[in-house]
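J.: Below are the structure tokens for one structure; questions will follow.
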Amino acid sequence: MTNHTMVTEFTLLGIPETEGLEKVLLLLFSALYACALLGNFLILTAVISSQRLHTPMYFFLGNLSIFDLGFCSTTAPKMLSYLSGQGRGISFQGCVVQHFFYHCLGCTLCFLYTVMAYDRFVAICFPLRYTVIMNHRVCCALATGTWMSGCVHSVILTSLTFQLPYCGPSEVDYYFCDMPAVLLLACEDPSLAQKVGFTNVGLLSLICFLLIVVSYTRIGISILKIRSKEGRQKAFSTCSAHLTAIICVYGPVIVIYLQPNPSPLLSAIIQVLNNLVTPTINPMIYSLRNKEVKAALRHVFFKKCLSLENK
């Protein structure tokens, strides 16, 4: 056996072809990150505090807000740190943790969108049985299943990626420890990990996407059968936000993971959109335009102001 000096720290080279733009990117990404945290925290506060929002749809929206808070926090703090000039190094263990949570939350998102599509399918196609089918136990089981499936998926990819020896170089040509960028630094043949990652990500994404398509095909047929124009508009508006978010999520997966040699700059731009922009706009396209959520937030702030005045 040959002795190797194992890598204990990686260096993140950042977003390709952005030299000299660090200050501009720092301001832009800091604003997006702050908006993502604030928007999703407000949604989560509204869902938890209002009894009127304790329904299956808002239960899953609350899970989505938790996901968005975790997903953007997986990559953004380190990216903002090196953009501010505090160093680009990340420990080997830190790289493993970042890789695990990125793929765990990414897979959970795919499953969660599939569950949300099923929820809308039941609500529109079986409105009279909706509360019976989507009871509290079923909702908890579906939510737990999404998170557990994401963990299993990430454990497989992370184990395959970091069981390989890394003995140098240690420069990751990306802005976070993603699987394709890290595997290029392995001292042994990474083809098995690449093939499993390609198949795993592609197969899971395809299955979830097909299930979503089936759900919305049935939803579309049911909407066309609604006689009143107002009823059709209400049903369509309920689903349009979900479809918009699905397009924003599955687009990056297709471009980055299902192409043999994607452009590094294009991949980085799409990843940033997926990691920061999508968690920022999700509260707006899902809930902040919703009258029930707005009423719940006003009620929370009103109670807070009254308690401060009483003090």
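Backbone N, Cα and C define each Cβ position, glycine as well.
In case it helps, TrEMBL gives these features for our protein:
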- 24-48: transmembrane segment (TRANSMEM)
- 39-286: domain 'G-protein coupled receptors family 1 profile' (DOMAIN)
- 60-80: transmembrane segment (TRANSMEM)
- 100-118: transmembrane segment (TRANSMEM)
- 138-162: transmembrane segment (TRANSMEM)
- 201-224: transmembrane segment (TRANSMEM)
- 236-259: transmembrane segment (TRANSMEM)
- 265-288: transmembrane segment (TRANSMEM)
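Explain the structural surroundings of these features, please.
T.: Listed as Cβ neighbours of the transmembrane segment (24-48) (distance under 8 Å, sequence separation of 6 or more from its ends, same chain) are residues 15, 18, 54, 58-59, 61-62, 65-66, 68-69, 72-73, 76, 79-80, 83-84, 272, 276-277, 279-280, 282-284, 286-288, 293, 296-297, 300.
Note on the domain 'G-protein coupled receptors family 1 profile' (39-286): its mean pLDDT in the predicted model is 85.
Listed by sequence, the residues of this chain that lie at least six past the ends of the transmembrane segment (201-224) yet keep a Cβ under 8 A from its Cβ atoms are 107, 110-111, 113-114, 117-118, 120-121, 124-125, 153, 157, 232, 235-236, 239, 243, 246, 250, 253-254, 257-258.
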J.: So which of 60-80, 100-118, 138-162 is most in touch with the transmembrane segment (265-288), counting Cβ pairs under 8 Å?
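T.: Looking at each of 60-80, 100-118, 138-162 in turn, the most contacts to the transmembrane segment (265-288) are made by 60-80.
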J.: So if I exclude everything within five residues of the ends of the transmembrane segment (60-80), which remaining residues of that chain have a CB under 8 angstroms from its CBs? That is, six or more out.
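T.: Residues 12, 14, 26, 29-30, 33, 36-37, 40-41, 43-44, 47-48, 90, 98, 101-102, 105-106, 108-109, 112, 115-116, 119, 139, 143, 146, 175-176, 275-276, 278-280, 282-283, 286-287.
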